[in-house]
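A.B. asks: Have a look at this one before I ask anything.
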Amino acid sequence: MTITQVKVKKLDNFFGKLPEYATDHSAGMDLTAANEQPITIKAGEIQLIPTGIAIALPELFEAQIRPRSGLAAKNGITVANSPGTIDADYRGEIKVILINLGKDDFVIEKGMRIAQMVISKYERISWKESETLEETARGSGGFGSTGVYL
């Protein structure tokens, strides 16, 4: 297995430890909150949460910011723009846009694990305009066209 090294910069507000994989087969690394004061996300509201890190991804890599399943299932806290995308040329602080879909206010404390980051390769494409597209069994069916039940 090839391990790609990615530069990470700890910013002045950094707290805790760098993101790391929890198990040998984890796809994502937990991101932690680096807010100076507790941030309350009221029910139905959105807050931008700092992480205290900036990264330099290699060309043709991206980082996706995804919800943590436990926060979502137990508290209704999820990533509003899931998945959020960090492009390879972005050098600013990684921040997480959290939304509270629950019924109760939720407080984000410094050091709390708030989201996960998955880093992956991607391909760039170029468009080739065409008047026709190859036929498939699915065709233009979408938005529930295959039904709800198996």
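We count from 1, first residue shown onward.
Backbone N, Cα and C define each Cβ position, glycine as well.
Computed from a predicted structure; not experimentally measured.
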A.B. asks: Kindly point out which candidate in Lys95, Lys103 is recorded by Swiss-Prot as part of the substrate site with Arg68, Ser69, Gly70, Asn81, Thr85, Ile86, Asp87.
C.D. replies: Lys95
A.B. asks: In terms of DSSP three-state secondary structure, what is the assignment for Gly70 (substrate binding site)?
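C.D. replies: DSSP assigns Gly70 (substrate binding site) to helix.
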A.B. asks: Just jot down the residues in the same chain as Thr85 (substrate binding site), at least 6 apart in sequence, with C-beta under 8 A of its C-beta; none if empty.
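C.D. replies: In sequence order, the residues whose Cβ lies under 8 Å from that of Thr85 (substrate binding site) (at least 6 apart) are Glu62, Ala63, Gln64, Ile65.
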A.B. asks: Tally every other Cβ atom lying within 10 Å of the Cβ atom of Asn81 (substrate binding site).
C.D. replies: 11
A.B. asks: Far apart in sequence but close in space: which same-chain residues, 6 or more away, have a Cβ under 8 Å from Arg68 (substrate binding site)?
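C.D. replies: Listed in sequence order, they are Asp30, Arg113, Ile114, Ala115, Gln116.
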